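One structure is given here, and the rest of the page talks about it.
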Amino acid sequence: MSVVGLDVGSQSCYIAVARAGGIETIANEFSDRCTPSVISFGPKNRTIGVAAKNQQITHANNTVSSFKRFHGRAFNDPFIQKEKENLSYDLVPMKNGGVGIKVMYMDEDHLFSVEQITAMLLTKLKETAENNLKKPVTDCVISVPSFFTDAERRSVLDAAQIVGLNCLRLMNDMTAVALNYGIYKQDLPNADEKPRVVVFVDMGHSSFQVSACAFNKGKLKVLGTAFDPFLGGKNFDEKLVEHFCAEFKTKYKLDAKSKIRALLRLHQECEKLKKLMSSNSTDLPLNIECFMNDKDVSAKMNRSQFEELCAELLQKIEVPLHLLMEQTHLKTEEVSAIEIVGGATRIPAVKERIARFFGKDVSTTLNADEAVARGCALQCAILSPAFKVREFSVTDAVPFPISLVWNHDSEETEGVHEVFSRNHAAPFSKVLTFLRRGPFELEAFYSDPQAVPYPEAKIGRFVVQNVSAQKDGEKSKVKVKVRVNTHGIFTISTASMVEKVPTEEEDGSSVEADMECPNQKPAESSDVDKNIQQDNSEAGTQPQVQTDGQQTSQSPPSPELTSEENKIPDADKANEKKVDQPPEAKKPKIKVVNVELPVEANLVWQLGRDLLNMYIETEGKMIMQDKLEKERNDAKNAVEECVYEFRDKLCGPYEKFICEQEHEKFLRLLTETEDWLYEEGEDQAKQAYIDKLEELMKMGTPVKVRFQEAEERPRVLEELGQRLQHYAKIAADFRGKDEKYNHIDESEMKKVEKSVNEVMEWMNNVMNAQAKRSLHQDPVVRTHEISAKVKELNNVCEPVVTQPKPKIESPKLERTPNGPNMDKKEDLEGKSNLGADAPHQNGECHPNEKGSVSMDLD
């Protein structure tokens, strides 16, 4: 089972995997651990990652990048309309009102949703992980910004489903960083001690996030998060682009914004310049050849000028930091360390601002680029049964307060309740109790819309169905469990109606406790149970809110036992004590049964099942097309490689191994094949290239084989000759009565002599015949045949010549009744054969003699 963590960023992606040796960040086919978040569409296939980024300037209209922030947003979203102006590709509205990306693919116009585009990127990451792990990848943990809303998170999960990934958890970036930091720390305070507070700061390509986390041994708790979704390294690049656009317009009379290719080149050069200024404070040049209208442009900038240009952006850094400290009620002296990650934190001015705010140096112990991916892989390993990981619980925080609104039975007034406050622990469940006579609706929304970087405050509308009054006409008690799950998504997980069923108590039967239905999952108990009851014009309509406890993957749920109906009447207790007494007359009893209720969810953003299946099918077809195109290109490259290889070697090492007539014919075929490749063979089916390759190999393989045989033949013949000499010498020694071989039977040795003579005769005949052959003719014998002869000779001779001499048994020792052993004369020979000294008797020990057991002392 694979364990993979995916950091899917706006600009680039990182893949971390868990192995026996720990967590490792893996490289792609270009030996680069960073995979650009870029997809390029061509007439035959898609290009994803590094290869797509290389085509970004030449195929700007069909190359898609910076699409992460489009998840879960409508086309008329103000953010989408603003970003649309800066993109090289077209954004158009989808039928469902979402964002569509229009590109030319397979020589046709195609419209892809953001989920499909992200699925394409995930396909590439999945393929890279599978190539590295050598096994299929299904389970994973994917990172998302902590400020992603419910709709955006659902959109990312849909993208993972399209590509067949089972996302075990959508993990907030900062929580992943905190896990990567804390799980390796051995000096964390104990659970009963004051926790260590660490602030994590992440400035990536497009956003700025901060979080405060409390660490104890074996656990971390996110105290709070703050962010600026529109402040990142991209904004610093844009400041440089704006500056140089104005300079080039004045200096060279060139408007870089009028041509998208020129603007993209300027963006790339400005990003390089920004990185250089992080390590150099001197003036640095910016040179672009043939920028526009065949004109070269040049400019320069230093770090101080850059910081002055970006002063407005640098001031924004402190805003989320102030907000975080206010929300968590922390003081700067309570913060033990400040860990920074993200590519943009390498800018010296950014580091300086953060350090100045906290009054202490920032720490860079984590890998700024890979920390998120490594944290995701650790979380995946914790959730996976295939890995045993040190016990470490993770408690996240809800970034935005969530409220519920509902209509009363009278439909005159509305009830509102905030079920999850800002920075509330997550994952978490709560049980709300309603008194209703019929179905009712609940609407979830974000309580503070101004703090949410998303235009829609509504999360969704949930209809609790099949609710009915009790048989006596009273309102039914409906329990609704609301939950923020491991993905950070709000949902109504279950709803049940408490139904009172009158029954008769049978003789001798024990009284049933009014518990939940056994086939219903028990609710989870909390550390603190609280009941919130507010005054309302209609009695009994305000729900009773029961905190149902935090659910994490590390802590299993425990049964809920707080219901009033669970109390056993005193009369029933008396009956339990009087089991042996004769039964009384039957009396009515009220049995409480929990009935599961269906909940219909109407969410702000969720792909329908039919649409999702269509996207899955489309992605499968594109994957197959990419595979076929790769195989076609591989076949074409094989033909081209074959042409160059044989043409080069026919005038070199292969020249002696082909006759002049065949040489000219083969060269002519190679030239014709090369011309065909660059003309009508430029775009042919895979089979056409396979046929061409077979035609070339039909003429080239015999030449290649003759060359290889000529190279290998002397070596194997020499090996055969050495074995023949070896066995011939042993046979001669045997005939000369050598003591080493006097134990071998003569009939056995005759077999050796016969085999040696036969093989020697065969070798002489072969060598004589081969000497008469020219090099351009096929050899008389192949090297594998000679190797077979060597093996055959060894099989016959080796068992005979390696026969061991029979062992000479040592004579028995004669013992006297009370004296030492008396050895026979032959005992000396026995000792020499055994190679061991006789043991001392009667505990006698002599100095300067070695013991029987040697010990090496360190």
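Glycine is treated like the rest: Cβ placed from N, Cα and C.
Record features (Swiss-Prot):
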| type | residues | note |
| --- | --- | --- |
| MOD_RES | S2 | N-acetylserine |
| MOD_RES | K471 | N6-acetyllysine |
| REGION | 500-585 | region 'Disordered' |
| COMPBIAS | 504-515 | compositional bias 'Acidic residues' |
| MOD_RES | S509 | phosphoserine |
| MOD_RES | S510 | phosphoserine |
| COMPBIAS | 533-555 | compositional bias 'Polar residues' |
| MOD_RES | S558 | phosphoserine |
| MOD_RES | T562 | phosphothreonine |
| COMPBIAS | 564-585 | compositional bias 'Basic and acidic residues' |
| REGION | 801-858 | region 'Disordered' |
| COMPBIAS | 806-815 | compositional bias 'Basic and acidic residues' |
| MOD_RES | S810 | phosphoserine |
| MOD_RES | T816 | phosphothreonine |
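Non-local neighbourhood of K471 (N6-acetyllysine): K500, each in the same chain, at least six residues away, with C-beta under 8 Å from its C-beta. DSSP gives the residue listed as 'N6-acetyllysine' a coil state; it is part of no helix or strand. Listed in sequence order, V17, A129, E130, L133, K135, P136, V137, T138, D139 are the same-chain residues at least 6 apart in sequence whose CB falls under 8 Å from the CB of S2 (N-acetylserine).
DSSP assigns the residue listed as 'N-acetylserine' to coil in the three-state reduction, outside any helix or strand.
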